[in-house]
């Protein structure tokens, strides 16, 4: 509105490049630009001479620190006995063969050896005393 009412004065004022509401006399524009509160830091493109001086190095792959553990040495220090074999749902006391028995094929005292089961249905019927049926009968 001021430029419309005072065209003579508006011709002598210049607009600040950082804030259009700042109207200063043309003679003072350079001083205002250096001290304007709305001035933002300008990001200039990098100087090619500066980039030529410092060589760009690609990032290095991460290197793990040296390991301070030696599992083999720890095992030899412990001198472990060989663990017993794992059998599902069986505790050490439930084993049918005593641990001190020299021959695992011999059953413990008081138990009879298990009978083997016939592999085929016909063999099972024969051991049960029944005869297999004929195909056409």
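Glycine too: its Cβ is placed from the backbone N, Cα and C atoms.
As annotated by TrEMBL, compositional bias 'Low complexity' applies to 118-137. Residues annotated as domain 'CHHC U11-48K-type' in TrEMBL: 13-40. Per TrEMBL, the feature region 'Disordered' maps to 30-68, 91-137.
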Report summary line: Counting only residues at least 6 beyond its ends, the same-chain positions whose CB falls under 8 A of a CB in the domain 'CHHC U11-48K-type' (13-40) are 2
Report task. For the domain 'CHHC U11-48K-type' (13-40), give the DSSP counts of helix residues, strand residues and coil residues. Result -> 10 helix, 6 strand, 12 coil
